[in-house]
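A.B. asks: Pasting the relevant annotations from Swiss-Prot:
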- 9-29: transmembrane segment (TRANSMEM)
- 75-95: transmembrane segment (TRANSMEM)
- 106-126: transmembrane segment (TRANSMEM)
- 146-166: transmembrane segment (TRANSMEM)
- 177-197: transmembrane segment (TRANSMEM)
- 228-248: transmembrane segment (TRANSMEM)
- 259-279: transmembrane segment (TRANSMEM)
- 299-319: transmembrane segment (TRANSMEM)
């Protein structure tokens with residue numbers, strides 16, 4: 001009985017609650033970083049240095065009346081944000097930090113498959129809103145997400161060839177001698193740009209182009225349901241950065257200090273997340289055709305070439321004696 005309780009309730013909660021807390025403070029860091037980069041303070045009234053701002057925001061969002069457009073589809077309108085957050089939380093299950101909640105043999109494929117399912121929540125929310133702006137935003141988001149998943153999948157394939165396994169724990173063993181970032185830096189650069197596009201962040205935030213589409217697919221959402229979308233988006237940002245840290249900046253395990261493993265990994269993920277915010281503060285939005293051109297004309301041929309190269313190299317050099 002206790003074992004079942006641990007597996008189905010306490011373990012997932014021990015993951016979900018810290019992720020939600022991290023998301024809350026990521027929003028605060030984002031506002032602070034953007035503030036200081038625009039030569040202003042950012043939130044600094046609620047609590048010391050604005051530290052309680054995310055709590056105030058959360059309370060404000062959840063006590064607002066959830067307004068629903070009269071012409072919208074009632075079930076789908078509420079199901080979409082719930083699905084978005086559920087997927088965002090489930091994605092954390094196979095992450096090795098240092099031990100995953102569910103030790104999956106195909107952890108990477110699980111993450112790729114579930115992140116593809118997020119498309120349905122976006123499309124559902126845009127369609128259920130029964131608003132032309134929401135629908136245009138949703139269609140843009142879906143096209144962008146699907147396009148960049150192609151390059152993400154191919155980059156993952158190359159990286160899997162490096163590590164020789166689909167489990168995320170193998171990456172720590174692979175990178176004990178050297179970070180994969182160093183031999184595979186073009187892949188790492190393309191991976192990072194693709195994660196920016198995959199999570200709909202600036203400079204690829206065409207789905208939320210305030211100047212054109214009001215707010216994108218979540219334009220009709222307010223209060224609680226909007227907060228769920230918001231949490232899902234930021235949880236995905238943290239997940240993608242943690243994944244980038246595992247894949248390219250791995251080997252967080254220091255043999256004589258195993259306690260530092262999680263701190264090590266999370267520090268890398270936090271630095272990558274701050275880089276996300278820095279990119280947002282620095283770059284203007286892409287034009288839609290440039291966004292698509294980048295992935296289909298630049299990333300796709302390059303990643304395909306890398307997959308071929310990394311597959312062919314060990315086979316071509318297999319006949320050489322190891323002394324060389």
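Just so it is clear, glycine is given a Cβ too, placed from its N, Cα and C backbone atoms.
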A.B. asks: Please work out which recorded stretch in 9-29, 75-95, 299-319 has the most C-beta pairs separated by under 8 angstroms from the transmembrane segment (146-166)?
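C.D. replies: Counting Cβ pairs under 8 Å, the winner is 299-319.
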A.B. asks: Short question: which residues 6 or more past the ends of the transmembrane segment (9-29) have a Cβ under 8 Å from it?
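C.D. replies: For the transmembrane segment (9-29), the sequence-distant neighbours (Cβ-Cβ under 8 Å, at least 6 residues beyond its ends) are 43, 50-51, 53-55, 57-58, 89, 92-93, 101, 230-231, 234-235, 237-238, 273-274, 277.
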A.B. asks: Using a threshold of three or more Cβ pairs below 8 Å, and leaving out pairs closer than 6 in sequence, do the transmembrane segment (259-279) and the transmembrane segment (75-95) count as in contact?
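C.D. replies: Since fewer than 3 Cβ pairs under 8 Å link them, the transmembrane segment (75-95) and the transmembrane segment (259-279) do not come into contact.
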A.B. asks: Using a Cβ-Cβ cut-off of under 8 Å, list the residues of the same chain that are 6+ residues beyond the ends of the transmembrane segment (228-248) and lie near it.
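C.D. replies: Residues 19-20, 22-23, 26-27, 61, 81-82, 84-85, 87-89, 91-92, 95-97, 111, 115, 118, 121, 125, 156, 159, 168, 171-172, 179-181, 184, 187-188, 191-192, 195, 198-201, 218, 221, 265-266, 268-270, 272-273, 276 contact the transmembrane segment (228-248) from elsewhere in the chain.
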A.B. asks: State the residues, same chain only, that lie 6 or more residues beyond the ends of the transmembrane segment (106-126) and have a CB under 8 A from a CB inside it; answer 'none' if no residue qualifies.
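C.D. replies: Counting only partners 6 or more residues beyond its ends, the transmembrane segment (106-126) has Cβ contacts under 8 Å with 76-77, 79-81, 83-84, 87-88, 90-91, 93-96, 100, 134-139, 141-142, 145-146, 149, 152-153, 156, 160, 166-169, 198, 207, 217-218, 221, 229, 232, 236, 239, 243.
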